[in-house]
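Student: One structure follows; several queries about it will come next.
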Amino acid sequence: MRLFKPYAAAAGSVASRFAGASTPLDARMVKAVLDPLACRLNLEFNSLISSGRDDRARKVFDKMPEKTVQSLNRMLWAYFRSGDLAAAEDLFGASTCRNAVTWTIMMDVATAGGRGSNAVSVFRDMLREGDAPDHVAVSTVLKVPGCDVASLHPLVTKLGLGTSLIVCNTLIDAYCKQGFVAAGWGVFLEMPERDTVSYNAMMMGCSKEGLYREALGLFAGMRREGIDTCQFTFSSMLTVATGMVDLHLGRQIHGLVVRAGSAHDVFVNNSLLDFYSKCDCLGDLKQLFREMPDRDNVSYNMMISAYAWNQCADKVLQLFREMQEIGFDRRGLPYASLLSVAGSLPDIEIGKQIHAQLVLRGLALDNLVGNALIDMYSKCGMLDTAKTIFANKSEKTAISWTALLTGCVQNGQHEEALQLFCDMRRIGLRPDRATCSSIMKASSSLAMIGLGRQLHSYLTKSGHMSSVFSGSALLDMYAKCGCLDEAIRTFDEMPEKNSITWNAVISAYAHYGQAKNAIRMFESMLHCGLYPDSVTFLSVLAACGHNGLAEECMKYFDLMKYSYSMSPRVEHYSCVIDTLGRAGYFDKVQKVLDEMPFEAGPIIWSSILHSCRIHGNKGLAKMAAEKLFIMTPTDATPYVILSNIYAKAGHWEDAARVKKIMRDRGVRKDSGNSWVEINQKIYSFSSNDQTNPMIAEMKEELERLYKEMDKLGYKPDTSCALHLVDDELKLESLKYHSERLAIAFALINTPPGTPIRVMKNLSACQDCHAAIKMITQIVNRDIIVRDSRRFHHFKDGVCSCGDYW
């Protein structure tokens, strides 16, 4: 029984299939040769098509007494080539004679029009009409963005194309691009023969998913079998070296590129630029760029991004002007990259200038540019403008939604980000890994562990959990929601781990004050052959700081500088200064300040001021506070800390003077706020909040706890209360701090024995810290508090911080 109409198999591209490929003769073809008029029109038609005169070719085509399927295909291809997709669709709709080539061209037409689902529908129509798809038709539909590869795969086998090298290579590529690397690997292993394309597709799939060791194994196997490498091979391996932050491996690949004679290939050189840029090797980057015989838009984009990362705004603008002078097509200028630069600096003036140029040149409505504008304005703190641009976009893709959603997260509008995520899913858009990563940050910022677990379930069902990036984001979410055990379980269950994964688990241990575990993970990371980056060292330094390990902190700081040749950023210096200052080594703090290659900024002086609070260093505290008064004039923190230092030392006049300066300058202290999540709903509390509808019940619960605490020897620390008021008011102000209200609310509204997770916008005071330790003894529950600096896990009267914070 014949299922499909017969066709002649043809090799090569669609173009080759109607431009000289052998096809079966039919009556119309015979007539076109024997009939003088038909023969003359056919020759004229072919000549016009070959010279690109499509309008005249169509007139001749319409005059043909017998239109062959080959003529139809050439006319359709001409329309596709010129971009006249509507004309192609009209002609196809009016035609009755079609073959596999016809259907393949129409799949290309639908894809070119951005209608991937229509392209798949064309393929299914082809099957319904009984035209047998060949390997080119099957490869074409598999390349359609968003096609369901898994559902088409069995059909490929049924058609007898499961061993075709071209089809198998396309299957691997399609599976890997959709994140289904395991399925792609299955196809790869079953192939009777493999070529360079097979290996490149599999290596690129592994490298994009963070499966770097598998990609290295494929490269070794490729060389063992004597299969030729090409520019795509080198690009994949440089992606691996970049992901592993392995400078030695990247330089080895660079050497192979030179020996293979590919050093003049602009595509390979762009991959090298990307590698050196992401490894923070600015010197190598600049040298390579200078030596490149050919440069394109991508080359300049790489350099612009690298200079932006290193805060070299003048170099960014210089390169952009150079591109304009060279004469690159203005539509091809890296506007999206420049907008990204403006956002990363952030410099709203540069961003606005670029936006103005885009409007003048009619490019502001471009989809890619529109997404970049949303991202830039969000990063520059102009979220309302970003929302306006999003609202005015005619085409809102998943990338557009993700850009705005991420902007909301970056600007602290986490609830709005959650609403955007719900709206996005409601209209049928499928969130990708970037979307899930951003929404997990929102749920972790709100400590919405319920939503986080739902996202975990979604990632598992959508097949994204095989991605190392999704797993890393999930690990980070659990850690920031106060679920360290689940974070570690996620880490242990991940089949593959990259530097981002290790950074996340080291950071988790650091924020929980578990320095030994953080350092153990750091050493394990090195043992696995992964290179630490600046984020890794920042987490290790923070871990040392949270546990007062000053010597270890200096050891890893020196390791970063001298063994790994990394230039510490301000955040690294801040960690070191914070650690030394909290340990009371103010002479060493001064030495680090003198050695810093830049002026100390707010983050440094803030660390020094907090250290002075611990040790009562009034002189240095005064200097640090005065620096901060200038650098952060609207921040009340330095005023409050300096005033408290004076008050604690009994210098009441100095304390009052600082408070008066604060009032005169109109600076207001941020109120303490805490929140808890119960049944996926957030409940917020402020200190001594009398407006809460359950305030009476919460106060009653706290009073019950205070009676039990008194029996355990609790003595309120009034130094944490308001100064310059009587003792009774001091005690009253302590009793109803926001985190205590949140704990009382959770005790009333959650089952006995369940952990309580509280988030607080400020650092917890010493008295609340002591009180919560006692509360855990009384209620027999774990209480996890995340304040502005770190996590405190209270259990059985003990805190994970060891009373060092």
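Just so it is clear, glycine is given a Cβ too, placed from its N, Cα and C backbone atoms.
Quick paste from TrEMBL:
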DOMAIN    713-805  domain 'DYW'
REPEAT    99-133  repeat 'PPR'
REPEAT    164-194  repeat 'PPR'
REPEAT    195-229  repeat 'PPR'
REPEAT    296-330  repeat 'PPR'
REPEAT    397-431  repeat 'PPR'
REPEAT    467-497  repeat 'PPR'
REPEAT    498-532  repeat 'PPR'
REPEAT    635-669  repeat 'PPR'
Student: Could you check whether the repeat 'PPR' (467-497) and the repeat 'PPR' (296-330) come into contact, where contact means at least 3 Cβ pairs under 8 Å with the two residues of each pair 6 or more apart in sequence?
Tutor: no
Student: Same chain, outside the repeat 'PPR' (498-532) by at least 6, Cβ under 8 Å from its Cβ: which residues?
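Tutor: For the repeat 'PPR' (498-532), the far contacts come to 210, 212, 243-247, 468-469, 471-472, 475-476, 479-480, 484, 487-488, 491, 539-540, 542-544, 546-547, 549, 552, 556, 560, 564, 790-793, 800-802, 804-805.
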Student: If I take every residue in the repeat 'PPR' (467-497) and average their pLDDT values, what number comes out?
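Tutor: Here the predicted model's pLDDT, averaged over the repeat 'PPR' (467-497), is 88.
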Student: Mind checking how the repeat 'PPR' (195-229) divides into helix, strand and coil residues in DSSP?
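Tutor: Computed counts for the repeat 'PPR' (195-229) are 26 helix, 0 strand, 9 coil.
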Student: Please work out the helix, strand and coil residue numbers for the repeat 'PPR' (498-532) from the DSSP assignment.
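Tutor: Helix/strand/coil tally for the repeat 'PPR' (498-532): 26 helix, 0 strand, 9 coil.
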